[in-house]
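Undergrad: Let me begin by handing over the structure; questions about it come next.
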Amino acid sequence: MSEYNQVRLRQSGHTESEVPIQENFDDKKKETIFKKRESKPDVASRATLAVLTLLSFATRFYNIDYPSQVVFDEVHFGKFASYYLKRAYFFDVHPPLAKLMFAGMGYLLGYDGHFEFDNIGDDYIENDVPYVGLRALPATLGALFVPLTYMIMIESGYPIITAIFAAALVLFDNALICQTQLILLDSMLVFFMLCTFYSYIRFCKLRMREFSNEWWIWLVASGVSLGLTIGVKMVGLFTVMTIGVAVLVDLWNLLDINRGLTMAQFRKHFAARAIGLIIVPISVYLFFFYLHFLILNTSGTGDVFMSPAFQETLQGNEMNLQSSEIRFNDTITLKHKDTSVFLHSHTENYPLRYEDGRISSQGQQVTGYLHNDTNNYWRIKPAENFFDNSRPENDTIKHKDYILLEHIGTNSHLLTHDVASPLMPTNQEFTTIPVDDDSRYNETIFQVHINDGESDTVWKTKSSYIRLIHYNTKVALWTHSSELPEWGFNQQEVNGNKNNVERSNIWIANEVVGKNYTEPMEPKELKKIPFLLKYFELQRLMISHNSGLTKPHPYSSGPINWPFLIRGISFWTNNDDRQQIYLLGNPFNWWLTVASMAVLVGVLLADIISRRRGFEPINKPVRIRLYNSGCFFFLAWFFHYIPFYLMGRSLFLHHYLPALVCSYMVTSIVFNFMFVNSVNYPILISSVGSNNMSSNRPKVHSVLKAGVDYISIIIATILIFISFGVYIYFAPLTYGTPGLDPSGIHNRRWLDTWDLHFQPKRGEI
């Protein structure tokens, strides 16, 4: 073998003994040999791929028009598609790509976004919604799971029977069918995840053709697919983690001096991967947020989540229509952002003693009141000795101006002092003192802090988020949802928060009392904010709200339950015909994957220990493939599953679906090891010839070994038919029809934790 090819083999991690073609053949003879070896498997593979694809479309599109009602989370994602078509701003915890795809499909179907998807069970046909077309998008991508899984296994170097087995597990999984038949996001997520795996495997196969056009194409395709995966859901980061670890291992191997690369060549490899797998995905991800902001330019339901500055970029937003500058001596109402109560006071005083025995100041009560009345009126006055006399008396109030707040109804100044508040001994009490009492003047001074404000930023109604910081003690005006006892009329407690930078300290001037908002107002020019500032604001809110989704749900479940299929999710019911859609995987498939992954871990541990003692229980080509692809897909399952244990939000069975698809590929690899013991080896596309890379060795296909192939085919056929039978048995729960009688429902309740509807009563079985 030439010196050049020896270097190339070292770079790829293979040895001369692993190359099946000898150097003493000329290129023409080599090509003839490979064509003969390759033709039959390729024809069979393509035919198999076509059949699997047709079956996949049949299972995903069967009964896709039923029910003609809103099902489960279609209430959210259908609604978001409608908002896009109406260009009305909304807020969601997921990135925009999948919802943009639904909106694009709706646009192509002539849908105008008139339907609001308000409730599960709302009728699509009555409301003239092209729901079948909308569902066809995720169903199409869901159908492509099967051919993608097949191609991934073939490209990973496994024989056709193993690829068929992997694809069949995906084909007959009830949960994947149910989830991808509806207007939901998971079909896009899993589809792009599989595209990422496929592209990266194709890229890895070209490692002896580095920096060729094809090498770059598959590297960039991997990066684009990564960006699309994250663009559907943030859990796409788990796919990034999977590819990231694989890339680190690859770079570590390239760094080995025995591979023959100089440091300059290694840096070139590193830079290429940084461009393809970091810069490209980030650019793709940001592009869809750019489209998101470009389309949603009109005020909508999501305005309230965003900052006032952001809201002022939207057409028709209240910030633009009713926002007005606040001046000294204006009378305003102040509203707490988080709890929506008004700053309020009245003539009643705090009691001398609280229930815990603490003594109060017995001053006038200051509370949070949900309703608008005259006791919410406060006049803003300039603080003496803090006011530049060169400014007009009715000058606009700016960031960091010092003010006093006079309660109109009781003619008193707002005050806080070092007295414990009624409900929180660690926080300060708020009260008032008469306006003519100057003895505690400094205790009535507050400084206005406008969020993101500068020295010339003017305080405005509606559009300015402010914190009022006490001059003497530096506490912030604050309230929380706890109610005062009967002596406080069950109104909300207001106190001084010593952590004055907390986000919950935010207040909004709701209106200037006496200002006539019914008069025609001059249209204001829309505010412009740089894209990245808008993106970072939205990204922070998405992460914050996603982690805050902790409200219990009757069908939520923890990650420990998912691989064992302990609980499902009720998507839809029809009481009249005892019909229901219940998200439940194929139990045979799911439990088979658990056993297979346990087998893989056991085999790898046994092999490591055996080789430590000098034994070689697995032949080298099979072991290399088992470690490379088996560990890669096991790692993919691990990264798409284990991180959910660290999340505090409510979780559901459908969060496991990306990991499930990875586990099916692990299962097929274990099947190959146990019953086939053959690989398409080697799988890389390498160069032949002494000094050039233009003549390439074709892919090598192995044929099932004599005496083993029939056994393998029989075992695979049996397992696939069992999977198919279980899929058919649970199909009424997957498609929602036909309805089942009580005994039929009872017979399908294999686990007591499957809370199916219409369970039979005693005597009905």
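Glycine too: its Cβ is placed from the backbone N, Cα and C atoms.
Here the structure is a predicted model, which means the values were calculated and not measured.
Features from TrEMBL:
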COMPBIAS  1-14  compositional bias 'Polar residues'
REGION    1-22  region 'Disordered'
TRANSMEM  132-153  transmembrane segment
TRANSMEM  160-177  transmembrane segment
TRANSMEM  183-203  transmembrane segment
TRANSMEM  215-232  transmembrane segment
TRANSMEM  238-255  transmembrane segment
TRANSMEM  275-296  transmembrane segment
DOMAIN    323-383  domain 'MIR'
DOMAIN    456-512  domain 'MIR'
TRANSMEM  588-606  transmembrane segment
TRANSMEM  626-644  transmembrane segment
TRANSMEM  707-730  transmembrane segment
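Give me the structural setting of these features: burial, nearby parts and distances.
TA: Beyond the ends of the transmembrane segment (132-153), by six or more residues, the same chain brings 48-49, 52-53, 55-57, 59-61, 64-65, 78, 81, 101-102, 105-106, 108-109, 111, 162-164, 166-167, 170-171, 176-177, 179-188, 190-191, 194-195, 197-198, 201, 661, 664-665, 668 to within a C-beta distance below 8 angstroms of the stretch.
Counting only same-chain residues 6+ beyond the ends of the transmembrane segment (160-177), those with a CB under 8 A from a CB of the stretch are 41, 44-45, 48, 52, 55-56, 59-60, 142, 145-147, 149-154, 190, 583-586, 589, 592-593, 653-654, 657, 660-661, 664-665, 667-669, 671-672, 676, 704, 709, 712-713, 716, 719-720, 723-724, 726-727, 730-731, 733-734.
Sequence-distant neighbours of the transmembrane segment (275-296) (same chain, 6+ residues past either end, Cβ-Cβ under 8 Å): 83-84, 87-90, 95-97, 100, 103, 216, 219-220, 222-224, 226-228, 230-231, 240, 243-244, 247, 302, 314, 531, 534-535, 538.
Residues of the same chain lying 6 or more positions beyond the ends of the transmembrane segment (588-606) and with a Cβ under 8 Å from any Cβ of it are 169, 172-173, 563-565, 617, 626-627, 630-631, 634, 637, 660, 663-664, 666-667, 669-671, 673-674, 719, 722-723, 726.
Listed as Cβ neighbours of the transmembrane segment (626-644) (distance under 8 Å, sequence separation of 6 or more from its ends, same chain) are residues 156-158, 193, 197, 235, 238-239, 241-242, 245-246, 559, 562-563, 597, 600-601, 603-604, 618, 651, 655-656, 658-659, 662-663, 665-666, 669-670, 673.
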Undergrad: Six or more residues out from either end of the transmembrane segment (215-232), which same-chain residues have a Cβ under 8 Å from its Cβ atoms?
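TA: That would be 94-98, 185, 188-189, 192-193, 195-196, 199-200, 202-203, 206, 209, 239-240, 243, 272-273, 275-285, 287-288.
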Undergrad: May I have the DSSP-based helix, strand and coil counts for the residues of the domain 'MIR' (456-512)?
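TA: Summed by class, the stretch gives 6 helix, 28 strand, 23 coil.
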Undergrad: DSSP says what for the domain 'MIR' (323-383): how many helix, strand, coil residues?
TA: 3 helix, 29 strand, 29 coil
